[in-house]
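Reading through the structure tokens given below for one structure.
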Amino acid sequence: MTKLVNEMILVLDFGSQYNQLITRRIREFGVYSELHPHTLTAEEIKKMNPKGIILSGGPNSVYDEGSFRCDEKIFELDIPVLGICYGMQLMTHYLGGKVEAASQREYGKANIHIEGEPDLFKDLPNEQVVWMSHGDLVVEVPEGFTVDATSHHCPNSAMSKKDKKWYGVQFHPEVRHSEYGNDLLKNFVFGVCECVGEWSMENFIEIEMQKIRETVGDKQVLCALSGGVDSSVVAVLIHKAIGDQLTCIFVDHGLLRKGEAEGVMKTFSEGFNMNVIKVDAKDRFLNKLKGVSDPEQKRKIIGNEFIYVFDDEAEKLKGIDFLAQGTLYTDIIESGTATAQTIKSHHNVGGLPEDMQFELIEPLNTLFKDEVRALGTELGIPDEIVWRQPFPGPGLGIRVLGEVTEEKLEIVRESDAILREEIAKADLEKDIWQYFTVLPDIRSVGVMGDARTYDYTIGIRAVTSIDGMTSDWARIPWDVLEKISTRIVNEVKHINRVVYDITSKPPATIEWE
């Protein structure tokens, strides 16, 4: 850890798709936190000098062959440890308690009763609702532990060994359905680990600028600039750190939103006085995508082609050693880790070719989207960029379902522009996390001008969210939806039907592909 971080909570990853929320919650308290693989050794952890360790949840049973484990010597480090769900079971298993398969798997809300006045539940109600998600449970706590909470199906819902500062909870405090989950985590972070809470985006900027300078030295960096908030923040942060050692490459792959290419060049080459090279690669990308309809294959093709374009440009520039990308925590999470299943590959993660010529710099890969926006504001980036709609690296290539053609791209481009205009007119931009149109590869019968039509359907996707890990469909007023639908059908060629996606995440992802 860099010396600019005085206190840190370490989270060990045992495979839950949502264990990164633990890290996020702790950062919200003003305490720096990082997620690392469960394979870290006790010696490595000791060098990191965390104020506390959290063992995350995960899908395994402690008795499964090949189940995820951690170094048992963690419990000899004299550092407070909190085990969550599988983390509690693993702690129990290592310290001599007993874990068994539950007679009934427990998923969802549960009521727990607090016993006595345990540290984790200080100043919290004796009865509270928590979120359970487990198939095994602790049937016998290790010697010296006390039972701190019970529930109907889980008699040992929480446990502790106060003198060692070891704690376990069978439920998930990081999930918002646990009504006092944040308070419990605060009690661990501030009460048990004695953190102060002085970490901020200002600290993050100092830390990352120092890391960038140490990594890059006097070498040159290429930044993959798209004009979206992620790559914009990366570009400004790196430019602030190393100045003219940064060259931004903006690839117009023909998969951008309406007016986006012109806007990017104006904003960054003029507004931020950066060296920006525009590459017109539309034909190159569309030729590669010809005949391809599988979404994963499209993502991989676009990711690969991006890197090859940069390779070509770097060769022209000479002496480029690093490639900067706006990869976020959520990109890495959804692309899968050694412990988490892949949901879908992100072009910043899963689409990288093995023969890549650059070393990657990804200064945002520990941040969630809302943290990136806060960072952008701290860096002085204008609101119109900081609050720009999230836009995937593969662009409209994954908003055209099935094979990508110029005609289909134009349909999505025009319909999306109408959607954005009407959302802006209704002053809903900051109320909705993300909104866009998609073109499913389906046609339906319609009637326009007394004539039968057989044309495409446009889908509208709009969601509310905090960090992109989970989301709900946005309740856009009906009159606004009516205007959007009417304009799209009347102004966009080959569209005779508009539908609104009312699915949350999970079970759906925000993007359709």
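Quick reminder: no glycine exception, Cβ is built from N, Cα and C everywhere.
Worth saying up front: this structure is predicted, and the values here are computed from it rather than measured.
The domain 'Glutamine amidotransferase type-1' annotation in Swiss-Prot covers 8-198, and the record cites sequence analysis as its basis. Taken from Swiss-Prot, the feature active site applies to His172, Glu174, supported by sequence analysis. According to Swiss-Prot, the domain 'GMPS ATP-PPase' annotation covers 199-388, on the basis of sequence analysis. Sequence annotations record features per position, and here Swiss-Prot assigns ATP binding site to Ser226, Gly227, Gly228, Val229, Asp230, Ser231, Ser232.
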Q. What are the non-local neighbours of Gly227 (ATP binding site), defined as same-chain residues 6+ apart in sequence with CB under 8 A from its CB?
A. Phe250, Leu256, Glu260, Gly263, Val264, Thr267, Phe268, Ile385, Arg388
Q.
Measuring Cα to Cα, how many Å separate Glu174 (active site) from Asp230 (ATP binding site)?
A. 25
Q. Near Val229 (ATP binding site), how many other Cβ atoms are within 10 Å of its Cβ?
A. 24
Q | Sorted by sequence, non-Ser226, Gly227, Gly228, Val229, Asp230, Ser231, Ser232 residues with Cβ within 8 Å of centre, ATP | A | Leu225, Val233, Val234, Gly326, Ile385, Arg388, Phe391
Q: Using a 10 Å cut-off, grab the number of neighbouring Cβ atoms around the Cβ of Ser232 (ATP binding site), all chains included.
A: 27
Q. Name the residues of the same chain, 6+ apart in sequence, whose Cβ is under 8 Å from the Cβ of Ser226 (ATP binding site)?
A. Phe250, Val251, Val264, Gly326, Phe391, Gly393
Q: Starting from the Cβ of Asp230 (ATP binding site), draw a 10 Å sphere and report how many other Cβ atoms land inside it.
A: 25
Q | Alpha-carbon distance [Val229 (ATP binding site); His172 (active site)] in Å | A | 31
**Q.** List of residues, in chain order, with Cβ under 8 A from that of Gly228 (ATP binding site) and at least 6 apart
**A.** Gly326, Arg388, Pro390, Phe391
Q) Sorted by position, what residues of the same chain at least six away from Ser231 (ATP binding site) have a C-beta under 8 A from it? A) Cys223, Ala224, Leu225, Gln325, Gly326
Q: Take the domain 'GMPS ATP-PPase' (199-388) and average the pLDDT across it for me.
A: 83
